[in-house]
Amino acid sequence: MVKGRNIFFILMWSQETFKKPSMTPSRRSSTAADRLPTETVQRNNSSNTGVILDISTLKMADVDSEVPPLPPRYRFRDLLLGDQSFQNDDRYTEEYSMDSTNAQVHVEFYVNENKFKERLKLFFIKNQRSSLRIRLFNLSLKLLTCLLYIIRVSLDDPTTLTCARKHCTNITDPLCSKSCANYTSNLSADPTQINWELIFWVNRRVPVWAIQVTVALISFLQAMLLVYLSYKGNIWEQIFQISFIIEMINTVPFIITIFWPPLRNIFVPVFLNCWLAKSALENMINDLHRAIQRTHSAMFNQVLVLICTLLCLVFTGACGIQHLERAGKSLTLFDALYFCIVTFSTVGYGDVTPKIWPSQLLVVIMICVALVVLPLQFEELAYLWMERQKSGGNYSRHRAQTEKHVVLCVTSLKIDLLMDFLNEFYAHPRLQDYYVVILCPTEMDIQVRRILQIPLWSQRVIYLQGSALKDQDLMRAKMDDAEACFILSSRNEVDRTAADHQTILRAWAVKDFAPNCPLYVQILKPENKFHVKFAAT
């Protein structure tokens with residue numbers, strides 16, 4: 001029963017229980033301005049307060065928007081350079097040659113990319129797909145260097161290194177055995193004694209050294225190439241970047257050992273590459289979502305950054321403490337990892353502790369860094385969580401495919417409009433299992449929040465803050481899987497023409513995003529119903 005109010009009952013829709021009309025969709029234009037009407041509205045209800053339009057059965061116009069293909073040489077160039085979805089104004093130039101009889105336009109593509117530097121920049125930076133592959137390869141290299149460092153540590157023996165640095169060619173030599181015995185007895189007598197030689201020199205096997213040199217050469221050339229491509233007039237700005245400094249620390253010493261063999265066993269902090277791997281992973285995920293044209297939430301990015309930061313802090317601390325403790329009472333890498341986890345968790349059992357002051361100083365530095373970095377990460381995560389709770393998050397794809405839901409799009413959610421819709425929608429017994437997803441651009445007021453906290457509605461009504469004009473928000477509401485969409489306006493609108501204009505724009509956007517979703521629109525002024533039929537063209 002309507003009782004003269006500006007609210008609706010669509011009996012046909014409730015009786016058919018969201019039977020989707022048969023549609024023959026054809027090629028759709030991306031802009032609403034290019035749509036043309038093809039048939040009239042099937043049914044409308046007029047009253048003194050508004051008109052309800054059902055445009056779910058309107059068919060789309062067959063618009064011939066066929067674009068002729070590029071010439072073969074341009075298609076081959078596109079195949080080599082990748083599928084570029086963007087065309088900037090400086091990517092091509094137009095040359096016009098006009099005669100008295102015929103007007104011709106000559107278009108030449110990729111003029112600015114004829115230079116070698118521009119082609120490299122297009123491959124390494126601009127092209128999302130090739131950039132994604134390069135970042136994935138770079139991430140694999142950094143993880144490989146960390147794995148090689150762990151292998152080198154597991155094969156290292158400080159006592160053997162001490163004998164080797166004494167220039168003993170034969171370990172069974174009595175002088176070498178005496179040196180090793182003296183070194184071991186000194187460690188057992190005074191565990192705080194520091195052997196600085198073990199800090200600067202390690203025992204690196206030839207296969208491990210060869211692989212690390214190969215990886216260092218590739219990483220060095222790639223870093224130099226990126227500096228060359230990213231140069232914008234100030235070379236010092238790029239040289240003093242932390243990532244570039246870490247790259248040089250981990251690559252230049254290995255390259256020097258090619259020409260100076262006595263330095264092959266010099267210590268290089270390769271474990272710092274974990275921070276470069278973290279940066280490559282973040283950039284790779286951004287390129288991945290850009291390449292597949294999918295937007296990801298800031299919450300996912302922040303959680304990923306936090307987890308990677310924790311792993312890098314623990315790995316850096318464990319490797320640094322293990323290496324410095326080689327100069328005193330040697331620790332295994334597992335013991336150092338155990339100590340870092342216990343320390344960062346503020347438990348502090350005390351069964352494993354660093355004995356010499358360099359490793360103790362490193363522990364102090366790592367704790368200070370963790371106290372500065374981690375609270376900032378947690379604060380950003382908490383802020384994003386509060387914003388997510390305020391905006392309503394997303395309606396999951398699994399729920400949309402396994403449960404039935406409808407979407408209610410409104411400009412501003414008023415308590416009377418919400419209660420009228422919910423009471424009349426759930427009045428039908430066959431609609432009790434449906435969920436209502438509210439999509440509204442404004443934040444919930446106190447009255448609406450209290451209503452939605454009632455158990456009767458809290459289990460069936462989901463509020464999402466967003467606009468029906470944005471594909472991202474329509475994707476959050478899973479409009480393409482919805483059983484129906486309702487676009488309503490408040491009956492207390494002062495400017496009804498402006499309200500109808502907003503309703504029509506939302507109808508166009510929804511029909512363009514989900515053409516198979518039944519759409520029910522409320523028009524306040526009957527003369528505006530003519531424009532709604534454009535949503536189906």
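Note: Cβ is positioned from N, Cα and C throughout, glycine not excepted.
Predicted automatically and left uncurated, TrEMBL annotations should be read as such.
According to TrEMBL, the transmembrane segment annotation covers 206-227 (among others).
As annotated by TrEMBL, transmembrane segment applies to 239-260 (among others). Using a Cβ-Cβ cut-off under 8 Å and counting only residues 6 or more beyond its ends in the same chain, the transmembrane segment (239-260) has close neighbours at 145, 209, 212-213, 216-217, 219-220, 223, 227, 266, 268-270, 272-273, 275-276, 279.
Annotation comment: TrEMBL describes 303-321 (among others) as transmembrane segment.
The feature transmembrane segment is assigned by TrEMBL to 333-350 (among others). Outside the transmembrane segment (333-350) by six or more residues, the chain places 150, 153-154, 310, 313-314, 317-319, 321-322, 325, 363, 366-367, 370 with a CB less than 8 A from a CB of the stretch.
Annotated transmembrane segment per TrEMBL: 356-378 (among others), in sequence order. A Cβ distance under 8 Å defines the sequence-distant neighbours of the transmembrane segment (356-378), meaning residues of its chain 6+ beyond its ends; these are 192-194, 199, 302, 305-306, 309-310, 313, 316-317, 320-321, 324-325, 327-329, 340, 343-344.
Residues annotated as domain 'RCK N-terminal' in TrEMBL: 403-537.
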Limited to the domain 'RCK N-terminal' (403-537), I'd like the whole-number average of pLDDT.
86
Do any residues of this chain, six or more beyond the ends of the transmembrane segment (303-321), have a C-beta under 8 angstroms from a C-beta of it, and if so which?
146, 149, 153, 269, 271-272, 274-275, 278, 281-282, 285, 331, 333, 336-337, 339-341, 343-344, 354, 359, 362-363, 366, 369-370, 373-374, 377-378, 381
DSSP residue counts for the domain 'RCK N-terminal' (403-537), split into helix, strand and coil:
63 helix, 27 strand, 45 coil
